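What follows is a short report on a single structure.
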Amino acid sequence: MMRDSPQENNSNPSNIREPESNREAISKDGLQLLQKIIQDPKLTQDRRKAILSETLVRVNKRIGTPLVVAALNNLIQVVELIIKYDLVDLEQTCSIDFEDGTRAEGVTALWAAALSNHLDIVKLLVLNGADPNHLTSSNSSPLRTACFRGWKDVVLCLLNYGADVNIVNSQGSSCLMAAAYNGHRDIVTVLINRGAHLNFKDKKGNTALHYAAERGHLQVVKILIKLDAQVLLNNEGLSPLKLACNGCQDEVMKFFVLRPQITRYEIIEALELLGATYANHPEKCNINKAYKLLWTAMQHRYKDPDGDVLHKFVRPPVRAYGYRFECQTPEELAKIQDNPYAIHMEGLIVRERLLRTKNVSVPVHIRYRGACYADKGKFEDALELWKYAARLDQRNSINIFDQLFRIGKLMAQMIKQEQQVTFVHIEELFAMLLSDVEKISGEMENNKGNSKRAESRDRKNNSPTKEEIQKMLEQTQLITLIFLAVMLELELSRKEQRRCMKHIRRFIHFERELCQGRNTLLHLAVSKDTFRKDKELSSVIKLPSVEMTRVLIDAGGDANAKNQKGSTPLHVIASFTKEDPDSKRTSTSSAQIEIIEDLLMAGANKYAENKESLTPADYAQLEQIKTLISKFSSDPFAEGY
């Protein structure tokens with residue numbers, strides 16, 4: 001049980017002690033607590049209201065105000081008592097966290113009751129004046145959440161008490177769309193009969209018919225079509241039929257193609273898209289079904305070989321697809337029938353032609369096929385497909401850092417298994433990484449100044465918050481280290497080395513600007529903990545690394561940069577110890593000594609103190625390291641150097 005009590009600070013102390021004991025009891029018996037508060041002669045009505053407005057309670061792992069939590073958990077007696085004694089404003093709101101990690105903000109008791117299908121509480125609240133159109137922070141109404149969940153009786157009750165049937169949430173999604181999305185056909189019929197707009201579009205340009213078709217709810221599709229829903233295109237130019245094919249919804253596809261209004265060209269594209277989707281679907285992949293559908297589509301194209309043949313638009317070949325061209329004739333398609341690789345690539349090519357590269361599901365199928373190849377040890381094919389998918393996502397302004405990290409791990413495994421990684425791969429990936437790091441730099445620049453205004457802008461535009469940006473920066477550092485480790489395993493020409501150094505220098509430039517007061521690449525390169533939790537990477541990339549340290553120093557890495565603890569890279573490497581497997585005692589390693597010498601020669605301050613007022617020598621656990629640091633002199637004529 002938690003509370004927020006800004007007003008209690010100004011209250012009489014005698015009035016504070018009793019509510020405190022009350023709050024301790026609320027999780028055991030909310031009804032008894034309310035009765036005690038009501039019967040307590042020391043409390044005024046205003047004080048009772050203040051207690052119930054400021055107190056947060058926990059029931060069944062849900063935390064919120066007493067009224068909202070009672071409505072959420074069907075504690076009708078508690079709700080009745082609160083209403084009877086007018087203890088709380090019925091429009092009071094709070095935030096509710098759910099078990100799946102999501103959070104609903106600005107939740108009223110009516111919204112909570114509608115969400116949980118507590119009809120009696122819904123009736124009680126609306127009869128006592130609760131607003132059926134009070135929206136949450138994301139503009140979700142009680143009616144919409146009931147429609148989404150499929151609570152027909154709650155929907156009818158809310159409609160009877162004035163709920164707006166056409167109210168939309170922050171994404172422009174209506175109650176009808178919510179019901180159609182989950183296939184609640186009875187609710188769909190009720191909403192339409194109460195005046196729901198059949199052809200309303202959300203921010204993606206989708207209608208209720210789009211969602212019903214995409215999710216495979218054939219009966220809802222039939223209801224909408226029967227009631228004259230229009231077959232419209234969304235913002236990506238996709239019809240409900242194409243969305244159904246993109247979701248492998250065979251029955252919905254058959255319903256649409258059998259309608260008299262359908263054209264021959266639409267039938268062909270539907271068959272092609274459905275077949276191409278089955279070729280690489282992450283959950284429904286079926287290569288035989290894919291080929292049969294593609295073959296049927298080809299037969300429709302060549303229905304009259306001597307007459308009107310509907311030829312395809314030929315797209316340029318792509319390296320990730322093995323430079324293959326899409327099959328243009330029945331003869332070409334027949335040749336790949338027994339070639340799984342060719343059918344998989346055919347599916348990817350067809351989807352890209354029909355959906356275009358801006359469709360977010362196109363890279364999903366590419367990544368899935370790449371993952372299949374990676375599992376089979378076909379790393380080169382996997383690498384090309386993953387790079388291509390990341391490039392498509394980057395064009396659509398989708399964060400690709402997770403993908404680049406995965407690609408980096410794949411290349412590390414390729415090195416481990418002595419498979420070829422080329423300089424071209426590294427350079428392409430570095431360019432992609434730096435492009436997005438530059439975008440982060442722009443985001444950070446926009447967030448300078450008024451932090452509250454920036455935070456509000458982030459929420460409004462779905463832009464990353466300052467914390468999210470910082471996490472992304474930390475991820476980019478790990479990606480850069482992986483790329484650098486792979487690069488050091490390659491035999492590069494001097495020209496290639498210079499080009500790689502150019503990328504690293506550019507990253508360090510951004511790092512210096514964006515990572516002030518945090519670990520730098522140098523900190524990470526000299527730390528044994530950087531990849532310790534990742535067994536795949538730690539088995540390939542051995543840290544601390546002398547080679548990495550020297551490259552980073554040459555690229556302009558700051559040997560005196562301080563992290564959150566005020567420690568420099570010299571602090572980090574000085575504290576490193578290596579366990580001797582024979583004696584089980586700690587010892588130094590040649591790498592540690594070389595790195596310390598390199599950092600000192602690069603200007604690392606051996607007297608630098610961290611936030612605990614400790615120098616690198618203080619951090620050293622071995623006398624040899626303490627001596628090495630304390631006796632170092634940059635004077636080449638000094639004794640010992």
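A Cβ is built for glycine as well, from the same backbone N, Cα and C atoms used for every other residue.
Feature list (source: TrEMBL):
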REGION    1-23  region 'Disordered'
REPEAT    105-137  repeat 'ANK'
REPEAT    138-170  repeat 'ANK'
REPEAT    171-203  repeat 'ANK'
REPEAT    204-236  repeat 'ANK'
REPEAT    363-396  repeat 'TPR'
REGION    444-466  region 'Disordered'
Tertiary contacts of the repeat 'ANK' (105-137), as residues 6+ beyond its ends and Cβ separation under 8 Å: 64, 67-74, 76, 79-80, 83, 90-96, 143, 145-146, 149, 151, 153-154, 157-158, 161-164, 167, 169
Non-local residues, at least 6 beyond the ends, that sit with Cβ under 8 Å of the repeat 'ANK' (204-236): 171-172, 174, 176-177, 179-185, 188-189, 192, 198, 243-244, 246-247, 249, 251-252, 255-256, 259, 261, 355-356, 358-359
Helix, strand and coil counts within the repeat 'ANK' (171-203) (DSSP): 16 helix, 1 strand, 16 coil
